[in-house]
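Inspection log for the structure reproduced underneath, given as structure tokens.
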Amino acid sequence: MEAATFTSTTASSSTTSFSSFSSASQSLRFLRYKPNAKPLNYKSSRTFSVRASADDSVVTLLDYGAGNVRSLRNAIKYLGFDIIDVQTPEDILKAKQLIFPGVGAFAPAMDVLNNKGMAEALCTYIEQDRPFLGICLGLQLLFESSEENGPVKGLGLIPGVVGRFDSSKGIRVPHIGWNALEIAKDIQILDDIGKSHVYFVHSYRAMPSDQNREWISSTCNYGDNFIASIQRGNVHAVQFHPEKSGDVGLSVLRRFLNPKSGKTQKLVQGNASKLAKRVIACLDVRTNDKGDLVVTKGDQYDVREHTKENEVRNLGKPVDLAGQYYKDGADEVSFLNITAFRDFPLGDLPMLQVLRYASENVFVPLTVGGGIRDFKDGNGRYYSSLEVASEYFRSGADKISIGSDAVYAAEEYLKSGVKTGKSSLEQISRVYGNQAVVVSIDPRRVYVKDPKAVEFKTVKVRNPGPNGEEYAWYQCTVSGGREGRPIGAYELAKAVEELGAGEILLNCIDCDGQGKGFDIDLIKLISDAVSIPVIASSGAGAVEHFTEVFRETNASAALAAGIFHRKEVPIQAVKEHLSKEGIEVRM
Ligand code: 1PR
């Protein structure tokens, strides 16, 4: 194939020859893989016009509007690059370097690409071996097809079918968290990864095969070995999220955007690892009596100082603390807007502002919770929970967390046995995927002498109750622990998993702020009952408590607040202790 020549059409730009792509594009001729296909007869040697910028610091982003790509935009800007958004297929063909962060589900993404004529443009762009980076679904769409609500046809550039992780193999699906990679090819964009972990969040994956072997640049082990990244010529794609993988992820983006950035000292080749246990810093946020948004922290959910003034405990500024915890090595940061159950969160603009600012400098996942429900404002304007969640996502959240509204939805579902599809949980997970929806449970321990005396699942507790009771059930609450509901944490967890939750944040009001350790009985009960990841929360007071919860339960992550805010235990100390005790963590 001849080199394509791209001619600028804008007044400010110059004619640019992309002849450097020509040799590698020879090797991409066979693309749009069809089994037993004849040699491909694709359009070539066309002259494209390009809005060539003299400025190399511009990247074209294919955001088809299906979800939150704010994190990626922030990461690109943080690295000093400007973004041009694709509006038409021609914009793809004009791009100098193209990033495609696939968001949402496979079928709707292919529909958008086909309907807007972008599928053809993307294939052409890639076949010409021009600089391309697909992320997450942006990798999967390059394959022949996916089983996600399918089979659904993909772009067909790489042989293989994208399938769902098999939870019958004892793994939790979605695959959420940090894994190290098995590097298969010496490629520059992975140069700084070595043994570091990168962040994944997905339920579907492409598998290695003889037909796609030459594409694979790294694999990852989760149940099976799946494809973590591909590379051929200038075409790259990664299943993980570089924009959420801390410094090492930023280096992947930097090396793609600026291939001339040079070789660093090459790290040892990575080895696939187990999924690392996550350490999460949580910021309970609310407005204090002066009207400032502050990070607070309760004792068993009571966040007021026990002084004459009775003021809200103030432990710092949300954006500053989030940035600090990112630097300290937190694997995720969660914001819980703890009074949003009574104040409408979209009226709470400072909270959205907090998210916007925090996401500019925090390159690990951000979760936000509080007040996600349908709402009618003072003027009678109705807001759906989906609108509330969308605003959170647009402002920089990667996941949203639902508390009270998930309790009502689960009660309803258990009563009727019918999934209406109308609850906030169902709607948000349908649109954004279940990996984006966390359910936060706020249970309180209720001791009983006889487990048969209650209709809820009980556990035999390690420490008997005040009257020697050997059993307890965990009563769910709403409105920040203010109201107990007729449903247990076990029943709730199983119901919300069926309704589409991707993860459970498991608090315990009895242990909150006590520093005496997590409620192992509760966390074991729930993490054994569901096959989605469970985040253990409430009660951490020392590094040993983290080791205990990971040794004795199937929790995927452990979250703490007070010990980090009061600077009693640094996040790094927690990780070093876990690592010394043989528990895999991201360092
Ligand atoms: O019901 O959807 O509006 O969501 C409200 C959210 O706010 C829920 O996730 C609920 O857990 C949270 N919330 C409401 N009130 C409080 C409160 O403290 N008064 N915070 C509250 C819950 C619990 C943890 C805490 C851990 C770790 N905070 O997230 O950070 O217990 O603390 P520790 O390490 O200091 O023990 P909706």
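For all residues, glycine too, the Cβ spot is worked out from N, Cα and C.
Among the features that TrEMBL reports, active site, for GATase activity is placed at CYS136, HIS241, GLU243. Under the heading active site, TrEMBL lists ASP284, ASP442. According to TrEMBL, the L-glutamine binding site annotation covers CYS136. Marked as substrate binding site by TrEMBL: GLY371, ASN507. According to TrEMBL, the domain 'Glutamine amidotransferase' annotation covers 61-255.
Structure with TrEMBL features highlighted.
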residue	record	DSSP class
CYS136	active site, for GATase activity	strand
HIS241	active site, for GATase activity	coil
ASP284	active site	strand
GLY371	substrate binding site	coil
ASP442	active site	coil
ASN507	substrate binding site	coil
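For GLU243 (active site, for GATase activity), the nearest neighbour among the recorded positions CYS136, ASP284, GLY371, ASP442, ASN507, judged by Cα separation, is CYS136. Residue pair GLY371 (substrate binding site) / ASP284 (active site) shows a Cα separation of 13 Å. Among the recorded positions CYS136, GLU243, ASN507, residues whose Cβ is positioned under 6 Å from ligand 1 are identified as ASN507.
Residue pair CYS136 (active site, for GATase activity) / HIS241 (active site, for GATase activity) shows a Cα separation of 7 Å. Annotation: ASN507 are the recorded positions among HIS241, ASP284, ASN507 whose CA atoms are within 10 angstroms of the CA of ASP442 (active site). Rounded to a whole number, the distance between the Cα atoms of HIS241 (active site, for GATase activity) and ASP284 (active site) is 26 Å.
Using a 10 Å radius centred on the Cβ of ASP284 (active site) and all shown protein chains, the other Cβ atoms total 28.
Separating the Cα atoms of ASN507 (substrate binding site) and HIS241 (active site, for GATase activity) is a whole-number distance of 27 Å.
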